[in-house]
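Participant: This is the structure, below, for whatever I ask next.
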Amino acid sequence: MYWEKCMKLHIEISSSLAPWRLVPVSGIENICSSSIDDLGLESSKDEESSNALLSRAWSPGWRNAEKTLEDFVSHGLLDYSKDGMKVAGTTTSLLSPYLHYGEVSVRKVYQLVRMQQIKWENEGKSGAGESVNLFLLSIGLREYSRYLCFNFPFTHERSLLGNLKHYPWRADEDRFKSWRQGMTGYPLVDAGMRELWATGWTHNRIRVIVSSFAVKFLLIPWTWGMKYFWDVLLDADIESDILGWQYITGCLPDGHELGRLDNPEVQGQKYDPDGEYVRTWIPELARMPGEWIHHPWDAPSSILEVAGVELGFNYPMPIVELHTARECLDDAISTMWQLDTAEKLAELDGEVVEDNLSHIKSFDVPKVVLKELSPGAPHCDQKVPTDDGRNLELQPKELKGTNKQTICVDVIKASNMEDTGSIANSPISRKRSSSGSVFNVPSCSSSVEVHSRNQHPGGYLVGSSKYILQKAERNWVGKVRR
């Protein structure tokens, strides 16, 4: 198995010296440093009050990163496999922002965790191995996202599976707005989106649930959701988000099945059985009994009255019924395969079929990767070892032909409406001034429409990602479990 082989690779011991005691790397004087302005991390005066609230929960800097890591390894890691899936409370490492900004390295996290594992094994503690392996798998998935984006740089806007280019996404801005604002009528989804907006963070399981709801229930383009996560997540990580959204959508060979539809009610009963998480973020449902809190539309009128819930007034009815979502998803998949067949016929005439996502307007967002190696980079950089120990670099295949023929279905035309869910005033919205345009997303006041972008021909994945994704369902793919 791929991951088992990775775990057996020799890892060089890294320095544990404090930053001020490290010896500078030779030639570092030739490296151009970025200014704070270049990083786009400074916020406007409008965000000062919100940032003050965020500072109560997050303390940047390598010292705080070290403390967070040590606290997790000492107190949270042992029960990680048992508690890590609980969406309420602090059950994960909370290392993701520190990893993203380089305040702690993946190498150091790996080494400290493995050292703790050896200590526990010597002490005969049961269950330690499962927790360690599960946590390190999430670290590995995060690194795998870098490999994916490096070797397939089109993945920020196009599926790895070529047939997904024909998927009839619904460019419905009204539904997208309801999803962002946590007003879908499904309590667990709404709680997750409200926590995300208020804090810039949410549990990895909640990320899976809300993203799955967006693409499977609402048929919203996965690139829209990925862009929104980039805008509001405090630990926003482009490569991780790409892998996560492609996995959830069904764009990867071994990701979620394209026809998979997870019931938010069932998910709520599984991951928030007492309703504690929902009550925290949806005050309208604070007095709902646990029996009904994940499906208030089924509650008797007497229960709703006592709880002070008026469906359709102070809390919305479900934006789409489960059976309707099932029918729409099945119809979309059927349409996709019909168009896929049409493409194969078109290819016989030397025609190239465009991706349906290319017909949805695009906006300024950060560039993900440039597939190039620096002169001093080792040739094995960003490549994954095969079972025989040699390195294999995967390349996407491209459709041939010079004539383009558009085969697609019409998407819903969204009305231009005031976007009260805009990220413009979000405390965690970040200015990415040096970014290029690569995502397809709906308009909001913090985004600027771009009138042209590079088009990519259809591509197909060579090989399989099964070796590392088969356990990914328990993780928000590519991210450290928060």
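Going from the start of the chain as shown, residues are counted 1 onward.
Heads up, the Cβ atoms here are built off N, Cα and C, so glycines get one too.
Per TrEMBL, the features are:
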BINDING   TYR80, THR92, SER93, LEU94, LEU95, SER96, PHE135, ASP235, ALA236, ASP237  FAD binding site
DOMAIN    138-332  domain 'Cryptochrome/DNA photolyase FAD-binding'
SITE      TRP169  site 'Electron transfer via tryptophanyl radical'
SITE      TRP222  site 'Electron transfer via tryptophanyl radical'
SITE      TRP245  site 'Electron transfer via tryptophanyl radical'
Participant: Using a 10 Å cut-off, grab the number of neighbouring Cβ atoms around the Cβ of ALA236 (FAD binding site), all chains included.
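Facilitator: Total other Cβ atoms inside 10 Å, all chains included: 19.
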Participant: Pop the Cα-Cα gap between PHE135 (FAD binding site) and TRP169 (site 'Electron transfer via tryptophanyl radical') into the table, whole Å please.
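Facilitator: Spelling it out, the Cα of TRP169 (site 'Electron transfer via tryptophanyl radical') and the Cα of PHE135 (FAD binding site) are 34 Å apart.
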Participant: Can you tell me the CA-to-CA distance separating TYR80 (FAD binding site) and TRP222 (site 'Electron transfer via tryptophanyl radical'), as a whole number of Å?
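Facilitator: With distance taken Cα to Cα, TRP222 (site 'Electron transfer via tryptophanyl radical') is 30 Å from TYR80 (FAD binding site).
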Participant: In whole Å, how far is TRP245 (site 'Electron transfer via tryptophanyl radical') from ALA236 (FAD binding site) when you measure between their Cα atoms?
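Facilitator: With the alpha carbons as reference points, the distance is 13 Å.
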Participant: Calculate the distance in Å between the alpha carbons (Cα) of SER93 (FAD binding site) and TRP222 (site 'Electron transfer via tryptophanyl radical'), and round it to a whole number.
Facilitator: 27
Participant: Among TYR80, THR92, SER93, LEU94, LEU95, SER96, PHE135, ASP235, ALA236, ASP237, the annotated FAD contacts, find the widest CA pair distance and round it to a whole Å.
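Facilitator: 23 Å is the greatest Cα spacing among the residues binding FAD.
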Participant: Can you see whether DSSP assigns ALA236 (FAD binding site) to helix, strand or coil?
Facilitator: coil
Participant: Using a Cβ cut-off under 8 Å and a sequence separation of 6 or more, which residues in the same chain sit near TRP245 (site 'Electron transfer via tryptophanyl radical')?
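Facilitator: Those within reach of TRP245 (site 'Electron transfer via tryptophanyl radical'), by Cβ under 8 Å and sequence separation of 6 or more, are SER211, VAL215, TRP222, THR223, GLY225, MET226, PHE229, CYS251.
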